[in-house]
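According to TrEMBL, the features are:
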{"type": "COMPBIAS", "residues": "59-68", "note": "compositional bias 'Basic and acidic residues'"}
{"type": "COMPBIAS", "residues": "69-84", "note": "compositional bias 'Acidic residues'"}
{"type": "COMPBIAS", "residues": "85-102", "note": "compositional bias 'Basic and acidic residues'"}
{"type": "DOMAIN", "residues": "104-291", "note": "domain 'DH'"}
{"type": "DOMAIN", "residues": "332-530", "note": "domain 'BAR'"}
{"type": "DOMAIN", "residues": "581-644", "note": "domain 'SH3'"}
{"type": "DOMAIN", "residues": "682-745", "note": "domain 'SH3'"}
Amino acid sequence: MRPCSVTQWTNLHQSESLAQAFPSCTPRFSSARDTKGVPDMANSLKANVRLMAKDEIREEKEEAKEIDDTLEEPTEEEEEEDEEERKARAAAEEAAARERAAQRQHMTVEELVQTERNYLKHLQLCTVTIHSNLQKLQPPPPNLENMFQNIDEVMDVSSRLLSLLDQAQTHHSDPKYLETLCESFLSLSQDIEMAYKEYLANYNNITSLENSYKQKEALWAEMVRTIKSSAPDVNASTLSFFLVMPVQRIARYPLLLQTIQKHTDPQHPAYLILEHAAHTAVQINCRINEYKRFREVADKYKKTENLTIKDKINRLSGHSIAKKTARLSQYIKHETGMVPKLKDEEFDALAGFFFVLERGVSELHANMEAYLHYLQRFLSCSPEEADLDLEGEKTALFSKEITVALRQWIYPSYENRLKTLVFKPLCSLQELMAGPRNLIRKRQDKLLDYELIEEKSNLNFDEQAIANTYKTMNTLLLTELPQFNGKALQLLWATLEAFSCLQRDLAADMEQLATSFTHQLPHSYLETGEFWKWAETSVLEGSRRMESLCQSVQDELNAPIVQAPNPICEQRLKALTAKHGSEKIYQLTGPVVGTRDLDLTLSKGELVAVVSEMDTRGDRRRWLVDAGGPRGYVPASKLTRYHQLTVDPPQSPHLNVMPTGPGPRRHSYTPGAQPLPTIVTTPCFQVYAGYDFMARSGQELSLRAGEPVRVVEPHDKRGNKEWSLVEARGKRGYVPSNYLAILPSVIASPTFPYR
């Protein structure tokens, strides 16, 4: 029972006193009948008593509160004690918070290290065990090596990070361990970025290749079975389960380091380097994402598509036509000077060097291809089977043995090494040139689009995409093209160095082969002085023979370019002259064989009209010509200006002697007599002396090569057509008919003897 307060006892005592003082007011009940109507009065009295008691209680509470307030006013000593208590409580809470932060820091550091070990373990399981088991499948999955491209570099940098941590020989709870962790990460930051950015840039190809495997149900089922059996402790059924781990891991580095930083005291000795490591991890991820975006743009635009005309027509749409029209309009404005062209000197220098390098690689590749072709033709010959008419029995035998050794051992080995060390790298380098070349051309198209929207203040979604694409391509080329140019130049120099070494080795092999036979030759036993005297004599004799051969070849090459009359050629020349003018007509001084796209194959002496004295890249060594139908490029060194001769009809040198009737031939020329034959003139041709001729008697006439002559009689007095009576410089005489040549005013061909 709850005890009564002083006030309650007082109220109770007062009630009893009132009852005694007023007995008449106090109800008395003698019987049940007397109690009727009395409850209302009793209840009213009780209610009044309760109200009075409540008022008293409220007043007492207020007085008690005032007394308590008076009693609770603290003293100075109590305030100091309370302050100390609060400080102690705050210090305890701070210590507990530091303890919790230290525990979380320790747990996060341990998580980073332990997950790195598990991560490396899974990658090793994938690249070693699973990879080797997949290779044993029959047949093995196609392009399986591409699935594991660049993953070795990722594993290498992860193992190096763990190795640096293990070398520290400190526990995770040691404060120095955190500093070691940050220093190790920062020292490998560049290697981490290089390894992961190449892997992530190639990750789309990995997923595409795995999707191609899934299209082949039998192969995919066999691969899943192999993966499960190779890694029973890991719940994995696809290669992507392992190969996606580097993508996830590089993104967890900044999260883990930032978590460690969050739970590290700013006064910690490793806090600054930890902050730097976390910032570096974030920057690595940003640069990798940017590089991946650049690679996606490059992969999209560097492809070379071989489309047919039908495919190109099918691709046409209103949007593409409008876009190409806008580009053409902007290009015309640039060329006419109506709109200034946006120039980038740095990019122009890089692109110019790239095109020079590409031209050098292309020409070297073409020359090497021709060299190998001629080497094959040389090896197809069998000079040892022919009788070379060499002096001495041993000499002929040794020559045959040397030739066989060259054809069967030395040159085939040289050819294989040449293909492996020189030609194949050149082919690969030439193929690599296609990607940057397409990007540079596409960048030019995007620049024209960008210039149209550059001055706009507000860009819509499509225009912003155009601007972003151009800026991305420009930045990509400025970043990657210098590196590509440098690597390509190094590979080109290495190829040339390899070619020089092969030539040196070939010379050494041939010298060794020749030395094994020279001691058996009779001249090897001569004294030194006599040997060199004999060698000098032999060399001089060979030199004279060579000079004679060269002179005969030169005479043949310098022979005048002639051809018999041809109405078709006359019509072609007239058409070219009417279309381009006589000053544009050139003649080929030698045959031309086309080796590149748009090159023409023409014969010596053909006439062409020059359309442009350079190609599309500004190379003045290749001229664009019109050959009377096809147009293409020919070397400028094989062209010489064509001068059409005008002939006076009465003095036409082209005489076609027509006999007056049957009977004996006309008499030939005798000094002092000038026959007057019946002639028919053909003024569109000219007869020239094809070679120099020195008269040996008074009836012959000396001529110089290229000198115009007039044919009087195409035979001698006996009717022999090997000699012709001609007139030149006002003199007449006989010359060999095969020394004369007809130069038409149309296309010419190789040297043709006059008959």
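First residue shown is number 1, and so on along the chain.
The backbone N, Cα and C atoms fix where each Cβ goes, glycine too.
With a threshold of 8 Å between CB atoms, the same-chain residues lying at least 6 positions outside the compositional bias 'Basic and acidic residues' (85-102) that come near it are 263-265. The DSSP breakdown of the domain 'SH3' (682-745), given as helix, strand and coil counts, is 3 helix, 31 strand, 30 coil. For the compositional bias 'Basic and acidic residues' (85-102), the DSSP-based tally of helix, strand and coil residues reads 18 helix, 0 strand, 0 coil. The DSSP breakdown of the domain 'SH3' (581-644), given as helix, strand and coil counts, is 6 helix, 26 strand, 32 coil. Looking only at the domain 'BAR' (332-530), the predicted model's pLDDT averages out at 85.
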